[in-house]
Amino acid sequence: MVTATTEAPIAPSVAIAPSRGRVVVADELGYCWGVRRALDIIQDAAGAAGPIAPIGDVIHNPQVVERLRARGVEGAGSVDEAVDRGFKRVAITAHGMGPHLAGEAEAAGVELVDTTCPLVTKVQRLAQKLVRQGYFLVVYGDSYHPEVRSVIGWAGTTKAIAAKKVADLPWNAPRGATGPDVVTPPRKVAVVSQTTKNVAELMKFANELQALVAPEGGEFRLCNTICEPTSERQNALRRLVERDRVDLILAIGGKKSSNTARLAEVGNNLGVASYHIERPEDIDDGWLADVRIVGVTAGASTPDDVIEAVVVSLADRGFAPPDGGIRPVDPDYVPSY
Ligand code: SF4
């Protein structure tokens with residue numbers, strides 16, 4: 001939770017006299033600690049020693065990707081591609097990478113800058129430990145997501161799988177069940193989560209899986225590795241609904257941003273129409289009909305000026321911006337992990 005502040009809140013730069021309603025922004029939104037840290041490292045590295053190629057998207061936000069490109073930070077699909085394009089340095093993004101990347105960088109003779117969020121590193125190390133302890137590892141998350149792939153990579157075993165639904169796992173019956181098409185889980189199963197998932201849905205997944213594993217002395221272990229900044233954003237969103245009684249929620253973030261999609265999902269689950277938008281142009285005026293209070297939140301990779309642009313656009317449409325601006329940033333904040 002951010003408590004102390006040293007920076008002034010960011011106030012929208014356009015003052016309009018609205019009459020339709022008002023905007024309330026979540027008290028936790030936008031860049032998370034890990035993304036700020038990764039951007040600082042990579043921009044310092046590019047400023048100090050020239051162009052650098054993060055492998056994959058450095059951040060799931062097209063506006064930031066464009067700005068970084070202007071500063072010599074340009075994503076590449078692989079180490080080989082970066083080398084072919086003339087880069088002498090590559091970077092691991094905040095989402096992390098499997099251990100293979102360090103070997104590939106060394107073999108290609110390029111320098112490697114690691115911006116993996118320490119909260120992701122924690123999950124990678126935990127995955128290794130659980131595998132060493134004999135657990136079959138289930139990573140609750142999107143199998144295509146770089147963070148999930150990095151955790152599976154560090155687990156370093158074929159006894160690890162990513163899934164978002166229990167039905168996606170290879171087991172279809174509780175331990176002890178028998179029958180021609182029955183596939184039961186092993187005796188020891190552990191779950192870790194992609195850091196940006198929804199806590200309530202992780203718990204639902206874990207409860208269903210535990211019912212398959214626990215019979216006949218099975219050992220089930222759940223490690224809630226959803227990160228503190230993600231939980232805080234989801235909690236702040238709940239406060240928009242329960243305390244501020246918003247009529248509509250706009251969750252701002254790149255279309256590929258998993259945690260922004262989760263915010264819109266949480267808003268809808270709380271019974272408030274919620275939309276994932278990338279920029280002000282995505283706002284549909286039809287959504288605003290009969291709305292008095294618009295709640296605004298943003299994913300962990302959304303820069304402040306994009307949030308500000310959405311608030312200004314809402315002001316243009318007659319919704320008063322929040323008195324205190326968007327939100328202050330605590331530069332000394334470090335999440336617990
Ligand atoms: S969402 Fe959490 S784990 Fe991911 S970069 Fe941000 S702080 Fe780190």
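Cβ atoms are placed via backbone N, Cα and C, with glycine included.
These come from TrEMBL:
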BINDING   Cys32, Cys117, Cys227  [4Fe-4S] cluster binding site
BINDING   His60, His95, His145, Ser257, Ser258, Asn259, Ser301  dimethylallyl diphosphate binding site
BINDING   His60, His95, His145, Ser257, Ser258, Asn259, Ser301  isopentenyl diphosphate binding site
BINDING   His60, His95, His145, Thr195, Ser257, Ser258, Asn259, Ser301  (2E)-4-hydroxy-3-methylbut-2-enyl diphosphate binding site
ACT_SITE  Glu147  active site, proton donor
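All protein chains included, Cys117 ([4Fe-4S] cluster binding site) registers 25 other Cβ atoms within 10 Å of its own Cβ. The full span of the recorded dimethylallyl diphosphate binding residues, His60, His95, His145, Ser257, Ser258, Asn259, Ser301, taken as their largest Cα to Cα distance, is 15 Å. Sorted by the number of other CB atoms within 10 A, the binding-site residues His60, His95 start with His60, the lowest.
With respect to ligand 1, the recorded positions His60, Glu147, Thr195, Cys227, Ser257, Ser258 contribute Thr195, Cys227 as residues with a C-beta closer than 6 angstroms to one of its atoms, given in sequence order. The binding-site residues near Thr195 ((2E)-4-hydroxy-3-methylbut-2-enyl diphosphate binding site), taking a 10 angstroms Cα-Cα threshold over the set His60, Ser257, Ser301, amount to none. Cβ proximity to the [4Fe-4S] cluster site centre (mean Cβ of Cys32, Cys117, Cys227, cutoff 8 Å) flags the following additional same-chain residues: Trp33, Gly34, Val35, Ala94, Leu119, Val120, Thr195, Thr196, Glu228, Pro229, Thr230, Ala300, Pro335. Nearest by CA distance to Glu147 (active site, proton donor), out of the binding-site residues Cys32, His95, Ser257, is His95.
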